[in-house]
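> Annotated GTP binding site per Swiss-Prot: ASP18, HIS19, GLY20, LYS21, SER22, THR23, ASN135, LYS136, ILE137, ASP138, in sequence order. Annotated domain 'tr-type G' per Swiss-Prot: 6-188, in sequence order.
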Amino acid sequence: MPAENAHIRNFCIIAHIDHGKSTLADRLLDKTGTLTKREAQAQFLDNMAIERERGITIKAQSVRMNYTAKDGKQYVLNLIDTPGHVDFAYEVSRSLAACEGALLVVDATQGVEAQTLSNVYMALDHNLEIIPVINKIDLPSADVDRTRAEIEDVIGIDASVAVPCSAKEGIGIQDILESVVQNVPPPSGSADAPLKALIFDSWYDNYRGVVTLVRVLEGTLKLKQKIKLFSNNKVFEVQELGVFSPFSRPVPQLIAGEVGVLVANVKELQDAKVGDTVTEESRPTAEPFPGFQEVKPMVFSGIFPVDSADYENLRDALAKLVLNDSAFTYEPESSTALGFGFRCGYLGLLHMEIVQERLEREYNLNLITTAPSVVYRITTSKGETLLVDNPAKLPPVQHIEKFEEPILTCHIHVPNDHLGAILKLCQERRGVQKDMKYLGSSGQRVQVTYEMPLAEVVFDFFDKLKSVSRGYASLDYELAGYIESDLARLDILINGDPVDALSVIVHRERAYLRGREVCQKLKEVIPKQMYEVAIQAAIGAKIISRETISAIRKNVLAKCYGGDISRKRKLLEKQKEGKKRMKQVGTVEIPQEAFLAVLKSEQ
């Protein structure tokens, strides 16, 4: 172990959402004197992200803290904050790769949750030293012993060294810092070796171009050095180096084991991808850091401006968003019903919601979003394999040999009392149960493993899961591949014309229900016309559901007081004839509310 980095400790905090990760980070900053009283504010690391209007994939923050331990030595602690949400599992894995240790925060009132587990397993894969921290011990419902037993039973790591603390009250913070110094190993790697650094985060700055956060694994990173990126072999010159403590301050160099900021005149975020390896052009390292992946979107939807005059503004807004979010993709698309817009790809549902919210909030756009769809794999009768993310691009039914959909392995953690409701929900969503085990000695919590189609999880599975379990269930999922399914495209026809924006790919079992629901919804929101309007749901040429909006008509019999029936019939036939002619030339205007109503009913 080189002497120059014996005093460095790189660690991260992993926790389920709401287990107190950000508050704990604040307390560590307070305790080490990194923040002055004036700078101290709640959830400092999170706020920094919002203040810089940094996008959703750019969540890994890093802060350098100086700490004098009880042995009198001065240590440099680099805290790397990781995102907690399952959509960003790849970013979490890159942040973990930049550390040697991890604080595992478990809420003493809740116990071990699903995403805690998935993150712990990821940390163990990276051979990190894990220090369990039991948080929220100040709450009356906290049970430290039970939580300790659960950590040992469920995760299988020794919890006798677990540090009880309350981040809110500031109890036990000193013990955590001591534990980090004693248990987390210092970084290996020599400052004299060829340069090898891992990019674990990047974002776009309007003045400096792309700013990356790097962990130097070997060698030394200096100003004005010529560096090369492994994934695309592009060469750049180092313009700026810095460390966050907690605001960025410049440094002349970063040596092996250190974490810092690198700015090197990179103009596009696509060139500095998370997980890439940086090396020196003149003396490159032999091997890049393993595990680099291109992040691929899993969920797609169309985004259209409500007012077609906003199309240019939407295009500019998306171009700016992509600068800050390399996992987000978009391409132009046009719809006969909604006009011009874009087909966008996201990592998952949370990612989709955040992108849409940012477009509306930051760029003042009024948008319509089509139903989210996933990437289906289709084998045609000619033996070609197609990947389809848009129902409109589906080949005709007679040309489809095999229809496959993406499937997820879902791990759900739930208290025993709510197990029945969760099993019912998973079966409704075409889930297949793979495993079920009781956690801990008390058997109060259950881990259920299901295989479920991504299309079923995409809509509102997470919300439903929370509501049937009163917020106690937690979900973690990963893509398990593709499976053959009996799927079909459901088209909605208005007076015989298909409306492309309302087409969806559904399972045949569900098609009738879904079709009926959409037709009924449209009947409520499409205004009456001067002639009869037929709303139909169809699969291929087969109509499976129909609703009719009756015509607005004048009472032509009002002037006939009594009189012969043939006179009345003549007037009614004449009116009918007129309506028929109207129908031939008339087109139905579908109001914007109709699309919104249907998309809501789908969700």
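Note that Cβ sites are derived from N, Cα and C of the backbone, with glycine treated the same way.
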> Far apart in sequence but close in space: which same-chain residues, 6 or more away, have a Cβ under 8 Å from ILE137 (GTP binding site)?
ALA108, VAL144, PRO164, CYS165, SER166, ILE171, GLY172
> Taking the Cβ of each of the binding-site residues and counting other Cβ atoms inside 10 Å, which one has the highest number: SER22, ASN135?
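Buried the deepest by this measure is ASN135.
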> I'm checking region-level scores; what's the whole-number mean pLDDT for the domain 'tr-type G' (6-188)?
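The answer is 74, the mean pLDDT of the model over that range.
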